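Heads up, the thing below is written out as structure tokens.
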Amino acid sequence: MFSQTVSVAVTGGTGQIAYCFLFALAHGDIFGPDTGIDLRIYDIPGTERSLSGVRMELDDGAFPLLQRVQVTTSLHDAFDDIDAAFLIGSVPRGPGMERRDLLKKNGEIFATQGKVLNTAAKREAKIFVVGNPVNTNCWIAMNHAPRLLRKNFHAMLRLDQNRMHSMLAHRAEVPLSAVSQVVVWGNHSAKQVPDFTQALIHGRPIVETIADRDWLENIMVPSVQSRGSAVIEARGKSSAASAARALAEAARSIYQPKEGEWFSSGVCSDNNPYGLPEDIIFGFPCRMLGTGEYEIVPGLPWDAFIRGKMQISLDEILQEKASVSL
């Protein structure tokens, strides 16, 4: 019935992002309509009852692709021989919490998860990290899982890309399908770099349609950078459904790529074509090669505005890295 079966782990299984994401996963949005799924849903001890409710809903959804659904509070059981992991669970930033405090708390979580991945997951497993601060959490997990391939760790910048994509399409009054090569560099934070200089509308440079450089630099860029905070202020909660959709799209770009598609992802900077420091997780434009492997899109020019923003984002990533210990 199935062309293959993949074993998939999802952490933070009782949270809102996972709740939205799991149904897209079960529907086949990521691995396709012919791939069976052996699903393991993890959350911390004390969440057993909520986990059982999530499993009930997946059972009630009668998803043909779900060959097995296991809920667990054991990381080893969740990660055992998996092909892919979606690391969603993390400690949210609370009132009065400094970023360094958040880095410390989540650093411990992702160090533990990295160690278990290292012993339990398949060497070729792809790891998608969502929990914030996502670049540094991804870097911590990667460095605690040296048996796994470093190139297969991804920090999610797709939500930032989607936000930028939507804003550009609305401003240009064109369908989303008309906008391509939407690129977000750097850190998933308020210092990310939404790079409009690479974007195309109907295959032409964006400035031919949106000539207002002031809007691009001083309205669009900061709006994308601060969109997460704006959602929290308006909704009272952080992004969930849009984050889940972005995660599904990020993974689908790898498992079911469209020819020529660019996608933004936080990946290991080792041997990157832009001369950035190695051993960090940095947002780059990527594309699939048709072999199941991706490459960082090389040779893109940076004007003075983008170059300045890039340095700010790089400095933040390096500061975060220096503030945590492995």
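Placement of Cβ uses the backbone N, Cα and C atoms for every residue, glycine included.
Source: prediction; values computed, not measured.
Neighbour count (other Cβ atoms within 10 Å of the Cβ, all protein chains): 29 for His188 (active site, proton acceptor). For His188, the entry in Swiss-Prot reads active site, proton acceptor.
Look at Swiss-Prot and you will find Gly12, Gly13, Thr14, Gly15, Gln16, Ile17, Ala18, Asn106, Gln113, Val130, Gly131, Asn132 tagged as NAD(+) binding site. Remark: Gln113 (NAD(+) binding site) has Thr11, Leu75, Phe79, Leu87, Ala141, His144 as non-local neighbours, by Cβ distance under 8 Å and separation of at least 6 in sequence.
Cβ contacts within 10 Å of Arg163 (substrate binding site), excluding its own Cβ and spanning all protein chains shown: 25. The feature substrate binding site is assigned by Swiss-Prot to Arg93, Arg99, Asn132, Arg163.
Distance noted between the C-alpha atoms of Arg99 (substrate binding site) and Gly131 (NAD(+) binding site) is 14 Å.
It is 20 Å from the Cα atom of Ala18 (NAD(+) binding site) to that of Arg163 (substrate binding site).
Annotation for Gly131 (NAD(+) binding site): spatial neighbours Thr11, Gly12, Leu87, Ile88, Gly89, Ser90, Asn106, Ile109, Phe110, Asn137, criterion Cβ-Cβ under 8 Å with sequence separation of six or more. Ranked by how many other Cβ atoms sit within 10 Å of their Cβ, the binding-site residues Thr14, Gln16, Asn132 place Gln16 at the bottom. Ranked by Cα separation from Gln16 (NAD(+) binding site), the recorded positions Asn132, Arg163, His188 are led by Asn132. Taking Thr14, Asn132, Arg163 as the binding-site residues under consideration, the smallest Cα distance to His188 (active site, proton acceptor) is found for Asn132.
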